[in-house]
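Chemist: Annotated active site, proton acceptor per TrEMBL: 119, in sequence order. Here TrEMBL flags 19-38, 101-104, 210-212, 236-238, 254 as NAD(+) binding site. Per TrEMBL, substrate binding site is recorded for 63, 66. Positions annotated as Zn(2+) binding site by TrEMBL: 127, 130, 168, 173. For 1-268, the entry in TrEMBL reads domain 'Deacetylase sirtuin-type'.
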């Protein structure tokens, strides 16, 4: 930790790459590993364009369940340490940028300003007809989903008629809405990936927080930075396939390790 703190004190442009692990500490299921089921399905059975085309009601039930959980979740000390660090360093003319795979907006709730949500946000919708993207924090998102989405395996599908599912409110459209998230088998937004590349090329310290380094293309971000000799610090509950390639590894909950790692360094001065 002491040698990480020395690197941190000198860094001018810090990139934080975050994944499901930091959200898990706020009580959100990751749908990875053992117990990663909603009813009888794994996330990768539901979070696909094919699943939505085949059964939009079931997919919306799944996302309604997740929206309600994410709506009531609070940022944990890990999220808050990152947001506080960004605000503090900004006053010193230094930059912190968060690149997240999470769709729960908990970084935003914690106060993070510089944020790239590469997998989108569960609180945005996209129209399958006109393509309009809108913010939507309604709970429930439509009356027909009220009280639906229970995760237990024995729960019966609600089988909501498609016209009662969330619909577009753009004038004369009324098309079926989908969550504005990147599903398995879909490409990330090229404009966002360009921004990611710019940040990775400029950073002089990279933190990898709560991500298993197996979901592509995000799994490539930190190794790309490490390959040009920039220090990478991994904060995770366990080691990952990438751990040995990084300079620092801090094992344990991010809510414990990050506040210590990102606390003000004694050499900091507010300019």
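Each residue, glycine too, has its Cβ placed from N, Cα and C.
Caution: TrEMBL annotation is automatic and unverified by curators.
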Chemist: Looking only at C-alpha atoms, tell me how far residue 63 (substrate binding site) is from residue 31 (NAD(+) binding site), rounded to the nearest Å.
Modeler: 13
Chemist: So which one is it: of the binding-site residues 31, 63, which has the fewest other Cβ atoms within 10 Å?
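Modeler: Output over binding-site residues 31, 63: least Cβ neighbours within 10 Å is 31.
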Chemist: Please report the distance from the Cα of residue 210 (NAD(+) binding site) to the Cα of residue 66 (substrate binding site), rounded to the nearest angstrom.
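Modeler: Rounded to a whole number, the Cα-Cα distance is 19 Å.
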Chemist: Which number gives the other C-beta atoms within 10 angstroms of the C-beta of residue 27 (NAD(+) binding site), all protein chains shown included?
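Modeler: For residue 27 (NAD(+) binding site), the count of other Cβ atoms within 10 Å is 11.
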Chemist: Can you check which residue among the binding-site residues 130, 168, 173, 237 has the largest number of Cβ atoms within 10 Å of its own?
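Modeler: Ranked by Cβ atoms within 10 Å, first place goes to 168.
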Chemist: I'm trying to understand the geometry here, so how far is the Cα atom of residue 119 (active site, proton acceptor) from the Cα atom of residue 101 (NAD(+) binding site), in Å to the nearest whole number?
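Modeler: A Cα-Cα distance of 5 Å.
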Chemist: By a simple count of other Cβ atoms within 10 Å, which of 23, 101, the binding-site residues in the record, is least packed?
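Modeler: Among the binding-site residues 23, 101, the sparsest Cβ neighbourhood within 10 Å belongs to 101.
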